[in-house]
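Over in TrEMBL, the protein carries these features:
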DOMAIN    3-369  domain 'Amino acid transporter transmembrane'
TRANSMEM  6-26  transmembrane segment
TRANSMEM  67-86  transmembrane segment
TRANSMEM  106-123  transmembrane segment
TRANSMEM  135-152  transmembrane segment
TRANSMEM  172-194  transmembrane segment
TRANSMEM  206-229  transmembrane segment
TRANSMEM  249-270  transmembrane segment
TRANSMEM  290-309  transmembrane segment
TRANSMEM  315-341  transmembrane segment
TRANSMEM  353-371  transmembrane segment
Amino acid sequence: MSGLGVGVASGVVIAIVCTHCCTLLVESSRVVCRRLRVPSLDFPSTVEAAFLTGHARFRRYARLCRFMVNFMLCFTYLGLPIIFIVVISSSVQQLVQHYTLYELNVRYYILMLIPFVLAMGLVRDLKWLVPLSHTSNTLFLAGLSITMYYVLKDAPSPLTARQTGTLGDYPLFLSAMIYGMENIGVILPVENTMRNPKNLVAGPNVLIWSMSIIAFCYIFIGAAGFLTFGEATRENIILNLPISEPAAQAVKVIIPLGVLLSYGLQLYVVPMTLWSGLRHRVPEARRNAALNLLRAATVLFTVVVALVVPNLRPVLALVGAVGFSTLGLLFPALVDLVVHWRSASALRVTKDVLIMLFWLVALLAGTYSALLEIMDTYFTEPQAA
């Protein structure tokens, strides 16, 4: 969508900005924890406490900002399972069509997934979800290794690739890159469980190393895929692999299976966040059934959205533009500004304002482009010849 040169350069810039925003959130959380004399805070609590302990003019917005963070966490982590369903169903569709020569709309494959995603979504004990996630990671690694073999074996010179793209496609690319780079939702939970939390953004600086690895993998795979497949590169690159070859077919089984096994863990945040606000309204004797019903309803909601928009690109862009950009760009910069309001230098204010402007551009352009593609693809009647 962006061209090779612009894509690589943009990926590096986005990785730097996202890493810096994660650092801002961690450092702001530590300042707030010292003010409140508590050992640790999660993301919503950090944002709320930053406003409550900051300048008096900001305190009235504390509860609103906490609500917004929780809402965006739910929106974002609902978007991930929807994307997972689309990835699985499109891969299965391609395999079935190859072996049966029978073309069935991808929505039928989404419907067939309901029993499997329900089974994964109803697992609510982390002691079962974490091992499933470890198995999923192993499958991802195996599938990625085979994918890279196909991507690199016939890759031409980078000089032969288109270096720039069209301006109209760039917002979708930008949103997808933010989606891939951001991990803001897990930063504070990871710090809170580390033996030496200071090492996250100081000393060995685990954050920078981990983000560098993520950025390298994401940019490298994207660039290599674009070199090999060019304009035909799919949003889900495993769909570009030759369907007639056994190794490629194995990837189309391994990676969707890995995605399915991690579905429950990705869904975990949303029903538990909703349940924290509903639990006290449900009689104790019915809480177990009510929680299972809530989890099932959440799973079915992700299936319904996937049925409405079974296209990876606009869904991924929408989640990146709205969810990850707001959580990963707006709130870290805003909290940093509020926490250091009394002592903020002109450089800090300028930097945080620029990050918030970057968020606004990503939000508006990415959301508009994603919704426009959804409308054009699914809700616009074809013109008569």
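The count begins at 1 with the first shown residue.
Quick reminder: no glycine exception, Cβ is built from N, Cα and C everywhere.
Between the transmembrane segment (135-152) and the transmembrane segment (249-270), three or more CB pairs separated by 6 or more residues in sequence fall under 8 Å, so the two stretches touch. The transmembrane segment (106-123) and the transmembrane segment (249-270) are in contact, since at least 3 Cβ pairs between them lie under 8 Å (pairs 6 or more apart in sequence).
By the Cβ criterion (under 8 Å, sequence separation of 6 or more), the transmembrane segment (206-229) is in contact with the transmembrane segment (6-26), since 3+ such pairs are found.
If you look at the transmembrane segment (290-309) against the transmembrane segment (172-194), you find fewer than three C-beta pairs under 8 angstroms, all six or more positions apart, and that falls short of contact. Cβ atoms under 8 Å from those of the transmembrane segment (315-341) belong to residues 17-18, 21-22, 24-25, 27-28, 31-32, 43, 46-47, 50-51, 53-55, 58, 65, 68-69, 72-73, 75-76, 79-80, 82-83, 86, 171-172, 174-180, 182, 184-185, 235, 305-306, 309, 348-349, 351-353, 355-356, 358-359, 362-363, 365-367, 369-371, 373-374 of the same chain, restricted to positions at least 6 beyond its ends. Among the listed stretches 67-86, 172-194, 249-270, the one sharing the most Cβ pairs under 8 Å with the transmembrane segment (6-26) is 172-194.
For the transmembrane segment (67-86), the list of distant contacts is 43-44, 47, 106, 110, 113, 117, 121, 185, 259-260, 262-263, 266-267, 269-270, 273-274, 298-299, 301-303, 305-306, 310-312, 315-316, 318-319, 322-324, 326-327, 331: same-chain residues at least six beyond its ends, Cβ to Cβ under 8 Å.
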